[in-house]
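Participant: What follows is a structure written as structure tokens; I'll ask about it next.
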Amino acid sequence: MAHIYRLLLLLLSNLWFSAAAQNQSETEWPLHDNGLSKVVQWDHYSFQVNGQRIFIFSGEFHYWRIPVPELWRDILEKVKATGFTAFAFYSSWAYHAPNNRTVDFSTGARDITPIFELAKELGMYMIVRPGPYVNAEASAGGFPLWLTTGEYGSLRNDDPRYTAAWTPYFANMSQITSKYQVTDGHNTLVYQIENEYGQQWIGDPKDRNPNKTAVAYMELLEASALENGITVPLTSNDPNMNSKSWGSDWSNAGGNVDVAGLDSYPSCWTCDVSQCTSTNGEYVPYKVIDYYDYFQEVQPTLPSFMPEFQGGSYNPWAGPEGGCPQDTGAEFANLFYRWNIGQRVTAMSLYMLYGGTNWGAIAAPVTATSYDYSAPISEDRSIGAKYSETKLLALFTRTAKDLTMTEAIGNGTQYTTNTAVRAFELRNPQTNAGFYVTFHNDTTVGGNQAFKLHVNTSVGALTVPKNEGVIQLNGHQSKIIVTDFTLGKRTLLYSTAEVLTYAVFENRPTLVLWVPTGESGEFAIKGTKSGKVENGDGCSGINFKREKDYLVVNFSQAKGLSVLRLDNGVRVVLLDKAAAYRFWAPALTDDPIVQETETVLVHGPYLVRSASVSKSTLALRGDSVEKTTLEIFAPHSVRKITWNGKEVKTSQTPYGSLKATLAAPPTIKLPALTSWRSNDSLPERLPSYDDSGPAWIEANHMTTSNPSPPATLPVLYADEYGFHNGVRLWRGYFNGSASGVFLNIQGGSAFGWSAWLNGHFLDSHLGTATTSQANKTLTFSSSILNPTENVLLIVHDDTGHDQTTGALNPRGIIEARLLSNDTSSPAPGFTQWRIAGTAGGESNLDPIRGVFNEDGLFAERMGWHLPGFDDSAWTPENSTTSASSALSFTGATVRFFRTVVPLDIPAGLDVSISFVLSTPSAAPKGYRAQLFVNGYQYGRYNPHIGNQVVFPVPPGILDYQGDNTIGLAVWAQTEEGAGIQVDWKVNYVADSSLSVAGFGKGLRPGWTEERLKFA
């Protein structure tokens, strides 16, 4: 009876859904453009380019977090290989503007034109996001730090001072982008204005009471973009569902963009999920969010667009080593990205797709050096299960042209034979193609549920699979079941196995389907009467059953790749998940909208970067990390295969594919890290030290523009004096006696400081993961006081400027107050303060590496971290012949360790290397260390607070065919001193078209005598 009842419900619901579909198909949604061009248009369904609809599946990368331009190709080729149609990037105002007189888009890795050119070459659209504010877990949210003094107002408004500051950068960024727009045959699709600036309304957005300041600010940015040549649509991204800002469907109050979008991080943007409760509520793993109703309410005539959807999460200070990939891994990618499709989203960009590294002082205080983000492409540039899982869906969305125009017909458990499973039905009103997106009814439950699905098709209502087997949801999983799916000139009536992709060769489709290993599947193709098994690798229980208008094929797929041939010429490739992970569909065109005739199919390698056909030769570029069997499905005209420029011996299979074998790459062994030398890097603690040179500035400001004034004068905020990064040194002078000093210092989460009087160590604030300001009362022993002049040295490390409204939070000494020896006499005052920071301050002494790279340690000011510095007079450290070195000293001070190590990595390989820093078990942990590689600061190691120990350093920063200068600045914050173990390791070796040997020429300038004046 229960079964009959479900069938009756299905019949009734089918009648209602058919009527609903008819009504929806009759809806005339307006087709929008920006009034400047009709190249890019959009409507209720999706974006269109030159009249073709496109599913925008995009991912974010930050060029400024991987400052080796040759490696941008690596990242973007990996993005393209997933099947993505676009990529997005923030530009960084701070990265291009070392001071308020300079905008640099030409020096070293600041020239971003290769990114635009790669987009055209590789065939991907771009979502360009210039800010000027970008957030991004970057210091001050990407604002240049000279902006944070208060001199330019409170920021992110229409204040003329702030407007004058951002205009040169924003104009430059717009002018560069204007040369590479879709409207002129290039690939910039849209241009985002500001970032997560949900400030259009005062109070409840439903009241539509405009925030005139915010409106004016947005209009200034929009006008600047247009004045400087932007002709593609302008977009925005709401930070959450509450702000409802800048969309014309909601209101015409002013400041609106062409297409408004919504950002969402349903599993929290940080490994510390408690930080997301105010936005998402209590964290429940795999709990999904309803976006459909939001888009229907807020922007019904616009595409459902998510400029940022969760691609991972950043790891805060004190977070787990390696981040929290288990929170947003392959299962997350499988479920949440399909959930978005079920919500009718047709444009989404993953934040991040590749995170990179917070080298130098790029990071905001919320995170340490790694910006791996648990993204599909890891910080060390490797790809794994999450990348592959994302690829399974991205290739499908590139192939499923009918998915770009659908209406939501219904959803619920009535679609299935198991009430623990529900489905969302999407249907194309023009072609009647259907997409049933299935989930556990409670997505937080990850059990194994079996079911059959009630579907509407062109031959009527069916319950599938019709024959043997069931559909399974095993774990946190979703599946998209298609009906009346366009297959060239054929029709896939339905498939309970997911479609990966398809291609058409000689007018005959090759359809690729996949199921999790060991599961069964069933599909039906119209106009077919019979079929046969041509290769049964892992496939079993294959049954062909002819129906009136179609052929039903039922199968079970274990590990491997199987091939079926149908009598109407359709070839079907069946894969289990492991095989699907190694299956690729490289495009033969540079058009992001890839047609089914413009691709080949490849199985086996770790990565296929590109493919091209010339006469009878198919040229493949890619990576292999082990001995691999290469199998290719291509046009019959292809007879030869080249892999990375070399012809490989091929054989043809009985079912028409070509096979070849790729050899394993060689093993790479790194030389030992030995022959270390060291030197004292804190002479400033000594009373005899002379601070009258160019490195030092008198800190004598008696007023400040900062909205948070200090408790004592002079103003001891580092940014006031042009020193913005990391470690700054303060020398305070006073005469006569004092019993101590009260210090209150602010530096961001995980910051720290230490103090010395007349060369004698006093105390330190070691820091905690959550403390951004700390005060101490330090007592002076009479034995270390001088009767006349005394010098107090404070070494202060900050971890960047806060984001959003916290960008103006000062960095430095909030209060410095000497204490009297007795209550009857007043406390002495400081007679002078001097400050040292980055050599040259804002003058950008090293324009290649830039102002974020260095801070104020003596070693850095003197250039000890740079290639070519002569350390022959330094103290040799005990060396070993092992691959690692243990470096140690006693006493509270700063010491710099240095060695030079040659590398000779062969051409034709992509090799990834990481440094590993650790503290020996018996050594103290009260220290901070910075890792330098050929002059670049590529690691902040703080064992007292943080857990990051692995620091990837890319080729180009490392010289793979030459000498490498490795430096460590170690700041012991206690008298126990410090001990640090230094190792390095190979992450992977790939035979690759990306031959990284020789990368980075010109990016590693050496030491010059100019450094000596900053002693």
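Quick reminder: no glycine exception, Cβ is built from N, Cα and C everywhere.
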Participant: From the list C324, C539, which cysteine is recorded by Swiss-Prot as disulfide-linked to C271?
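Facilitator: Its disulfide partner, as Swiss-Prot records it, is C324.
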Participant: In Å, rounded, how far does the Cα of C271 (disulfide bond) sit from the Cα of Y265 (substrate binding site)?
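Facilitator: That separation, Cα to Cα, works out to 12 Å.
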Participant: Which whole-number value in Å describes the distance between the Cα atoms of Y373 (substrate binding site) and N878 (N-linked glycosylation site)?
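Facilitator: If we compare the Cα positions of Y373 (substrate binding site) and N878 (N-linked glycosylation site), the gap is 37 Å.
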Participant: Using C-alpha atoms only, work out the spacing between N554 (N-linked glycosylation site) and N172 (N-linked glycosylation site) and round it to an integer in Å.
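Facilitator: Distance (Cα to Cα, whole Å): 59 Å.
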Participant: If you draw a 10 Å sphere around the Cβ of E308 (active site, nucleophile), how many other Cβ atoms fall inside it, taking every protein chain shown into account?
Facilitator: 26
Participant: Might you list, by sequence position, any residue in that chain lying six or more from E137 (substrate binding site) with a Cβ less than 8 Å away from its Cβ?
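Facilitator: For E137 (substrate binding site), the qualifying residues are Y314, N358, A363, A364, V366, T367, Y371, Q803.
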Participant: Of N135, N172, N441, N456, N775, N821, which recorded positions come within 10 Å of E196 (active site, proton donor), going by C-alpha to C-alpha distance?
Facilitator: N135
Participant: Going by Cα-Cα distance, pick out whichever of the recorded positions N100, E308, C324 is nearest to N135 (substrate binding site).
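Facilitator: Going through N100, E308, C324 one by one, the closest to N135 (substrate binding site) is E308.
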Participant: Among E308, N441, N679, N775, N821, these being the recorded positions, pick the one whose CA is nearest to that of Y90 (substrate binding site).
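Facilitator: Spatially nearest to Y90 (substrate binding site) by Cα position is E308.
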Participant: Under 8 Å between C-beta atoms and at least six apart in sequence, can you list the same-chain neighbours of N211 (N-linked glycosylation site), or say none if there are none?
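Facilitator: Within the chain, N211 (N-linked glycosylation site) has Cβ neighbours under 8 Å at Q199, Q200, W201, I202.
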